[in-house]
Structures are given as structure tokens and as C-alpha cells.
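*Asks:* Found this in TrEMBL, in case it helps:
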type	residues	note
DOMAIN	98-133	domain 'EF-hand'
DOMAIN	137-172	domain 'EF-hand'
DOMAIN	233-268	domain 'EF-hand'
SIGNAL	1-36	signal peptide
Amino acid sequence: AVWTQVAMAPRQAPLCGLAPHCLWLLGVILLMDVSARPANHSSARERAGNKEEPEILPPDHLNGVKLEMDGHLNKDFHQEVFLGKDMDGFEEDAEPRRSRRKLMVIFSKVDVNTDRRISAKEMQRWIMEKTAEHFQEAIEESKVHFHAVDPDGDGRVSWDEYKVKFLVSKGHNEQEVVEKIKNGEELKVDEETQEVLENLKDRWYQADNPPSDLLLTEDEFLSFLHPEHSRGMLKFMVKEIVRDLDQDGDKQLSLPEFISLPVGTVENQQGQDIDDSWVRDRKKEFEELIDANHDGIVTMAELEDYMDPMNEYNALNEAKQMIAIADENQNQHLEPEEVLKYSEFFTGSKLMDYARNVHEEF
């Protein structure tokens, strides 16, 4: 796995000076229209609450990465790189006052020079730190899954060992699968499972560093599950996304290809409105962030740079974009009031209950 841990411990600032300046604004929390996408692409929180896929299958969603594995926008990206492991601390039913305090604690950590303003450089540093946090979390999870598919504990997992565990997770009998693989007999699996297996084997080959032996070490297995940890696997992930979205076979993406909607996502007018918003978001992402030279075409190299979670230039662009969303006084910084006002963008929490009761509280 090729990545560098960002070792920058955040400085904590006292919060006592923030409260008097912030309280007056707490009654006018805005409900920001965060980016939407078609209804069949659930958010990370919905996925966390409805895990049906086996853990040994590479995830469709990678925390802190801008696109899903199917090429669609990760609508939770900004919250993931702002909250890190605190993502679960801002559920819709959380106590608003506690959520507000937690948000201000995060603000103080981002505000390294304690001037009660967040600059683009401070936000960039924070984004890199939170991304590294997601990386570390993926490493720890991968270790657990690796040991689960390495029954003999020799530190290497063969394709056949993984294949057995994968098919068992799909409801097949383990002993029967082992016997058939051992005897070279054909395994009866449905067409969809067979296609998944073929795609997984391609990815397995890519993760298997030279000399290729179809045996993955713990580091190689991490690259298999989380391609964002390896430059070579990142290239492979980009190729897969381009293959899925590229309609004319030129191995690059035009704007119409990038914004094309999945079949069958629009069922009513409300769904159409959601999809229209989703298309606008993808168009903006394509034109302003991915298409670096603004020629109307996204190459694999441009997409690879965009997808790289540890790209510092991209992190700075994201920092500027996040500040621009809430920078009402146009000073290129974020103040506590602005972060609170646009809390839904940063945390997914609207803090509605507290807004209703602000006069009773103070």
C-alpha cells in the first residue's frame, strides 16, 4: 500500500470566547440544500444501517473518496473529510445543543492559530488529517477481513481461499465448494455471481504485486479491498469507472457520459426533481473540478488525480469550495457563526429543534 500517514496533531483552543459571539445566531439556522442523487444510491449512513453485503467483498463506497466505485458522486464526501470518525455523532435524532457544542469543538481543532477563523490552508490541513484517519480505519478493518479469509494463518491468501469465503457468504456450502475446487470440478453459480467473481479476479491480479503468484499478502489484500491505498490500484479503479461510464469506447469521458442517469431511477415528478439536482451537481463537478484543462473531456489521468484522496492540491481546492459554501461575509474564511448556520453541509444535521426553542433557551 502506497500512502503516507499525515501526522499532524490538531491543536485545541479554548471555547469560552466563542459562546457570547455565537448565541445570537443560533435561532436562524439555515437548512441547506445539500447535493442529491438518484434514489437508488443511498448515503453512507443508510448503508451503515443496512449492511447486507458480506464484509469480504470490496465496498462500493470508500470513505473520503469523491466517487463511488460505480462512478457516481459520493454525496457524503464533504461530511467525511470534515468529521472523520465523528460521522456517527451527528445523527438526525441527536440532541441539537450537544451537536452544536461538538461542532464548535471541531471548529477549534481546525482553527490552528486560534484566531476564530478557518482559512483555506487550515481547512486543507484538516481535510488531509481526516482522510488519513479514514485510511487508518480501512487498514484496521482490512486486517480483520484478511485473517477471516486466511484460515491456515500463513500470512498469504490464495485466490481459491478467498473464492471459498466469498461463495459461502453468498449461501453456498463451504465443504462442497472446497471439494469442487480441490477436484477441479465446475461450480454452479448464477450469472450475476459469476460476473462478480470474474471482476474480483481481475482486481485480485492487479493487487498481486510482482512476482505474480495469485497469493496476496496483508498489504496486497488491503489494496484489493481499498484501491485508494495503492497508486497502481487507483489506476485500475479509474479504468473500471471509465469502462462503466464510457459509451463510445474512446477511454475518456465526455460531459454527457459523466452525467448520464442510471436506467430506471425516475419514477415520479419528485424523483425527476431529485435527478435534475443530481445532474446539476455532476455537471458542476465535471466542469469545475475534474476537467483540469477545461477542454470538455475527462481523461484517465485527470480522473486519477481527482480520485486520489491524498492529493494535496485537490485538498486545497476542496477546502476553498467548502469555505465558499458558507462564507457569507466573503472574507475567504469561516467564522463560528457561518459553520453553525450551514451546519447541515458540514455535519448532515439541521439542528432544527434548537432553532425553534432558541428564545426559551436564552
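Cβ coordinates come from backbone N, Cα and C, glycine included.
Heads up, TrEMBL stuff is auto-annotated, nobody curated it.
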*Asks:* Across the whole of the domain 'EF-hand' (137-172), what does the mean pLDDT come to? Round it, please.
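*Replies:* Its mean pLDDT is 90.
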*Asks:* Could you count the residues of the domain 'EF-hand' (98-133) that DSSP puts in helix, in strand and in coil?
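*Replies:* Looking at the domain 'EF-hand' (98-133) with DSSP, the answer is 27 helix, 1 strand, 8 coil.
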*Asks:* Can you count helix, strand and coil residues in the domain 'EF-hand' (137-172) using DSSP?
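*Replies:* For the domain 'EF-hand' (137-172), the helix, strand and coil counts are 23 helix, 2 strand, 11 coil.
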